[in-house]
Every structure is written in C-alpha cells, then in structure tokens.
Amino acid sequence: MCEVDEDYGEPSPEGLQPSRPGREQKCVKCKEGLPVVVIRAGDAFCRDCFKAFYTHKFRAVLGKNRLIFPGEKVLLAWSGGPSSSSMVWQVLEGLSRDSAKRLRFVPGVIYVDEGAACGQSAADRAKTLAEVKLVLHALGFPWHVVALEEVFGLPPSVLRHCASEPAGTGAAYKVAVDHFLQQQCALGAEREEQLSHPCPKDPEPPAAPPTATQTEALCRLFDSVKTLTAREELLQTLRTHLMLHVARTHGYSKVMTGDSCTRLAVRLLTSLALGRGAFLAWDTGFSDERHGDVVVVRPMREHTLKEVAFYNRLFAVPSVFTPAIDTKAPEKASVHRLMEAFLLRLQARFPSTVSTVYRTSEKLLKAPRDGFAAGPPGPRCLLCMCALDVDTADSATAFGAQTTSHVSPTQPPVPEAGAADGPCCCAQMGGAQGCCREAARACVIEQLCYGCRVNLKDMPSLDPLPPYILAEAQLRSQRPSAEQEAWASLLGSDEEAQVGES
Amino acid sequence: MPAPQCASCHKARAALRRPRSGQALCGPCFCAAFEAEVLHTVVAGRLLPPGAVVAVGASGGKDSTVLAHVLRELAPRLGISLRLVAVDEGIGGYRDAALAAVRRQAARWELPLTVVAYADLFGGWTMDAVARSTAGSGRSRACCTFCGVLRRRALEEGARLVGATHVVTGHNADDMAETVLMNFLRGDAGRLARGGGLGSPGEGGALPRCRPLQLASQKEVVLYAHFRRLDYFSEECVYAPEAFRGHARDLLKQLEAARPSAVLDLVHSAERLARCGALASRALCQACALLDGLNRGRPRLAIGKGRRGLDEEGPPGAPPRPPARSALRSRGTWRSDAVAVRL
C-alpha cells in the first residue's frame, strides 16, 4: 500500500549494468563495491551485498515463521526451474554454514517428471532425466525422482486429512531448539559433522520407469480435459497428491516449494478468477496446513522472479529447462496465462504491482481453526483438500445463481422435459451404465469445492481419472450413511437407557 | 441454419443462447427467466422487505434502466414502491443527454423522479470544476475517484429527500468482478473485506443499499434491455477513459473468453473473501481473533495498536476490558499474533 506514493520515476536501467566509467556509482549498501545489479528502482548492489541481501531474505522468512523445527525432515520440491533451483541451493548453502547460523533441518529433494502431461517424447524425457540426475548427484541430498504416471498407483488414503498436533508456538520452538542443541553437545562434534552433511548413503533406488500403459493413461486423461485452464489445475492437483504421498511414506513433515513473489502474485489473481477466493490464504500463504500432517511452506515468497534470475546467473546456480504444460501456448489459452501476462505487463509500467498484490495476500487470514467457531471440521474438497465453500443451492449467491439456472426457473416442466430426462433413466436406455455414470459423477461433484467443480465441467468423463480419486469418492459417499446408522443405533440405545432409568 | 426452438416454451424460435448455461430461449421466455432470477436474488437475499420505499439510482445507462424496469415489473409481487433518483454530476455535454434519457424513462413508467445536483449539494462543485482543478496535478484518474465518492453521497441525500428506506443500484456481476480485481491490484484489503455481499445493511445511519442485478451478467442485462426495447443512454463518460477500471475491464473480457464462468467465479471469490475468516478487517474477524486468543490462553493476542475497529461492535462473548486497552487490532493476522507472543 505504501507503494502507492512511491516515486515510479523513469524505469530504471535493468539488469546487469556494465560499469559505467563516466558515473561513479557505488553499491548502495557498502558504498564501496562496484554495482553489478539494480533490483529496485535506483538501488544498485555490488555482488557481495546482493548475495547477502538475497540469503538474508531467505533465512529471515524461515526465521520469522519458526515453523521448521531442528532435525525435521523437509522435502524440497524441485522442478528444475529457476526459483526452486535457487531455493535448493540456498538450503545447501545454509547447511554448510558455520554452526551458529546453520540451518538445522534435514532436507531431501523430490523431482516430479511431468513429461507425459506436457507432451514430451520418451527420448526427450530420458534426456531431461539424465540432466536432472546429474544435478541431483552434484547436490548430494537424498532424492526422489518420481514420474507423474505414479498417480495411477496411489492409495485413496492420500486424499485424507491427517490431523496432527498443532505445531507449537514460539515457546515450543525455543524448547525444541534448546533440546536439539543439548543433544548435539552430548553427541559431540562427530555426530554434528554427520548431521551437517547428510550423506546420500542410500539414494532412492532408481524407480522403474513408468510403463507404456500408464503413460498412455495419463495422456488420455490430459487429452480428455477440454481447456488448458482445467488441465493446468489438474496437473497441479495430481502433482500435489504425488508429493504428499512421497512425503508421507518417507516421513517428511514439511514440503518446501520455490514459489517466488511474482509467481504467488500471479497465482493469487488466478485463484481469484477460478473461484478459489476462500482458499487464497492456503494457496499463497507462507505455510499451507490443509493436509494436516504434511505442511507446505514457501520460503521463496519474498524473492521476486527478477532477483532469482539475477542471483542464479551471478552465482551460477544450475537449473534444468523442462517445457511446462503451457509452454508455447498462446496468451489467451488459459486463465493462468492471461493473468500472468496481465500482471507482468502492468508490472512493467507500474513497478509496484506485484508487491502490492503480494502484500494483499499477507493480509489474508485462514479461517478459524477446526474445532472452534466452525464447530466440527466440515467436509473437505476431494481434490484440493480445502474445506468446502459451497452455498446452499438456491441461495442468493454466485453459486446459487448457477445451480438454479440449470432448472428452467420460468415454467413448470413441460411434458417434453420428461422425455429429456429419459437418458438418465436406466429403463429407457436399456442399460444401467449411463445412469450409474451420471450418479458417480454427481457423487464426485458433491464432494468438491466451488473451484474444483468449475474445473470438472471441462472434463466430460471421469473415467480417465486415476483410481484413487474415484475410490476415495465412493468411500466418502458411503461413510455418511454408515455414520447415520451408527447414530440411529446410538440414539436408540440412549432412549432405552433413559426409559429404563425413569 | 435455422434457429433452434426455445427450450422453455417450445413454440417460438429461440432468439438467443444464454451466455451462462447455453440454453436457447426466445425473447419473452428469456425476459421472464431474467425477471425470475432477479426476483429470486431479492427474495432469497432478503434485500427488500415488503413495504419498503426503494430509491433506484438512475443514471440513464443500461444497468439502472434495466433494474428500474425489472423492479417495476416485480413491485406488486414484492410489495415495494419505487422512486427514481438521478444525480447530476455536472459534466457538460454528457450528463444532460443522460438525464434526458432518465426523464423519458420516468415519464414512460410513471415513476416519480428526483434529480439532485452536485452543484447544489457540494457548494457549487461540479465534476467539470473538479476536473479542471485536478488536471494540473498529473493524477488524472483522480476524477473518477471524486465522482464515485461524491455520487454515493449524493444518492444518499436524494434517497432521503424522497423518503426512501432502501437504495438500490444497478451494478451487475461484471462490475463486481472488475471491482474485485481492481481492489486486489490496489491492495485494498478493507474494501475486499466489505464488498462481497449483495449490499450493505446500512451502518452508521446510512440507508441500506443493495445490488439486485449483482448475479446477472452484463451481456444478459444488455439483452434484456434489447428485448424490452428499453431506451437508454450508452455513451461513455468523457472522463472515464483515464480510469484504472479500464485495465480490469479488458482483463475480465479476456478471462471470460477463456472461461465463460469467470465472472461469476470472481463474484464467488469476492463473497468468500468478505466472509469471516478470509480477510481481517471486519468486526467478525476481530471477534474470531479475540476468541482465538482466549482459546489459546493468550487473551491479549489480538489486542494492540490500531483503533479502527473500536466503534464496531465487539464479540458477543468476550469479557469486558478497560476502554484504553480494548482497541482491537484491525489487521491482526496469524503472523502478527506470533509477534505479539514473542514480545
């Protein structure tokens, strides 16, 4: 907000500035060094100061939030792109620092191979993977390379919210740190050495490459989705589920993603336009506790993409280029692309756009925690695992307006309408299949939040979806009836008991 | 290719396809459906109680024209009476023509019309005068800011003048979606937190306001005006091209092309943002913050600087505190709570 009055001035000469002999410009921090990069209007940094500034930001975000406890296993989500690469390198650097400032968590890296969804050929994928593994070997952290095809083997339990102890407050954090330090003293320097270099003794045994049928199934799934918008959302959903599964099976309690400030601002507006207003705080906040036991954190959220790009270039941070699902897509192809283009264009003219939007995201609150004010935890969306945000069908809301417009509001159903209903009825079609499919679809839709319902409209058939989603949907739809039965019997016995007493 | 049959009456040829549902309808069926939907919004949202005297903010443009027309059709069923209130901003060459349209409408519908002028209300300031005085400041878009704020006030005055109990305006879903985008781009969390609903109940002595067309898309508003042969004024204000809203409008049009439901999706997001728990600048959220502090055994978590929330009603169950201390933190987030803990 305070940016509003900021002096926009002339767009500053961006980027690597060749040292201009005419002007005696010095680094704004140390006033001595030769400036190499201008990150904000007028602020030229020398190489060392830029590095200190960048690293400090990363550590400050982690320190301010105190969410990652010493000794905790943290999974770094690495896509190969600039932001996540920079994040991984920040962690690597942080772990090798002197003891007072060292990061104290235990990292692992996950790389999800999305080649099939992005239309890469098998040869290209193999080439990318080789590059990826080269970088991972050089890095030395334990790593997991998983193919997106593995979603077809996920168990339905991935979609369940696992409640965990509410992560402690500042006091608990201090206790944990003290405890950790004591432990380290007791174990001596020897152990410390080991901790500081978590040797990849047992790198993940190379997972078998996905079978051709799985790849085909994945391609069919993505081809069946009609719009790029829904495809991007689907990819994100599946990727999240996969990472969640890996984190759970390997005992990671945090997942770090490399979303930069710019990326988050784009995501914020995109989420808004996709009807995910209720979940903005989860989609873009520092920490995302929607899964319960595994918390997603975004430590790069204060770095702009520009800073990341220059840091990576100046300090030779390796990254791997992989085509994304929207690479080469025209600007109007999806809500994501539109928002990105719009925001970056506006940013070029008004340099405070991204930071303003980002700042707004910081004012977002998550709803009161479960078990308080909202009563018992409500049902969660099957796909994005956020609390359902749908209104009653005929309320005076955007949701209500869409549900009521399906039924012709004007006239009582005319005779022909009955015939139109025909295909849904199994009797006329001669087979129960069409009817069941409709019912299954309705059952899945019922369990989705507003935004996921809109996405599902672009998916004509649910059949290509990976089995764990459909299985969990069915399980959930059966659960309420089981619960009701349990209640009925409980009440019955209660009444009997009362009768008996009186 | 001949037009398909109307999906509702199955007699006439369909004249349009509804943008949202893709339903093919004939003109009369579409108008009936549109009216039914507005009626549903008013009834389900409990916007206008029977017996209300409703001031319709009439600008002469399509939205307010359609709103007045629909409400006039629905008035007997809702049990409300209507008054038209128009505001004369004093924009030469633009406003006079619009006001002439409003006068023609009022005469056609036989509704009482009251015109309030900026010049009378605000000590002689017309928009032309404001524009002249802000022109040199290099902030030309300030024009629309002035006009918007003053119009709100003028409409309120006009409504009081005619003895209205409620004020309705013609904002449609597209306007709402643009507003959400704009507020985000400006980082205006306060407005985001306030503006989600169909209107405001009228706090601080102001009349209750609502927007019965908020769930109707702009396209349908225009179509309704077309089929009902409404006479409206469709020039753009001479000062408008400089407004920031233009950016948001362009974006919205593109979004709608990429995904037809985008407008309503944005409205849904706005509704959700405004509800308790999504943004922290409303009494309810402060209440939640306070109660949460109590729950965690830290009763003073949400209490600190920032006196903006003072005059808003406090949480029902919170224990009373000395007045000097009870200033509620209006922008308390989880993170600032954490800061409070450390201090």
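Here the Cβ of each residue, glycine as well, is placed from N, Cα and C on the backbone.
Automated prediction, rather than curation, is the source of TrEMBL annotations.
Residues or ranges marked as domain 'tRNA(Ile)-lysidine/2-thiocytidine synthase N-terminal' in TrEMBL: B:54-237. Sequence annotations record features per position, and here TrEMBL assigns ATP binding site to B:Gly57, B:Ala58, B:Ser59, B:Asp63, B:Val87, B:Gly170, B:Asp175. Per TrEMBL, the feature domain 'Cytoplasmic tRNA 2-thiolation protein 1 C-terminal' maps to B:275-301. As annotated by TrEMBL, region 'Disordered' applies to B:305-336.
Binding of ATP is attributed in the record to B:Gly57, B:Ala58, B:Ser59, B:Asp63, B:Val87, B:Gly170, B:Asp175, and the widest Cα separation among these residues amounts to 19 Å. The most densely surrounded of the binding-site residues B:Asp63, B:Asp175, judged by C-beta neighbours within 10 angstroms, is B:Asp63.
Within the same chain, the residues at least 6 positions away from B:Val87 (ATP binding site) whose Cβ sits under 8 Å from its Cβ are B:Gly57, B:Ser59, B:Val115, B:Val116, B:Ala117, B:Tyr118, B:Arg151, B:Ala154, B:Leu155, B:Gly158, listed in sequence order. For B:Ala58 (ATP binding site), the number of other Cβ atoms no farther than 10 Å from its own Cβ, over all displayed protein chains, is 31. In sequence order, B:Val56, B:Gly57, B:Ser59, B:Gly61, B:Asp63, B:Ser64, B:Thr65, B:Val66, B:Leu67, B:Arg211, B:Leu213 constitute the residues six or more apart from B:Gly170 (ATP binding site) in its chain with CB-CB distances below 8 Å. B:Ala58 (ATP binding site) carries neither a helix nor a strand DSSP state and counts as coil.
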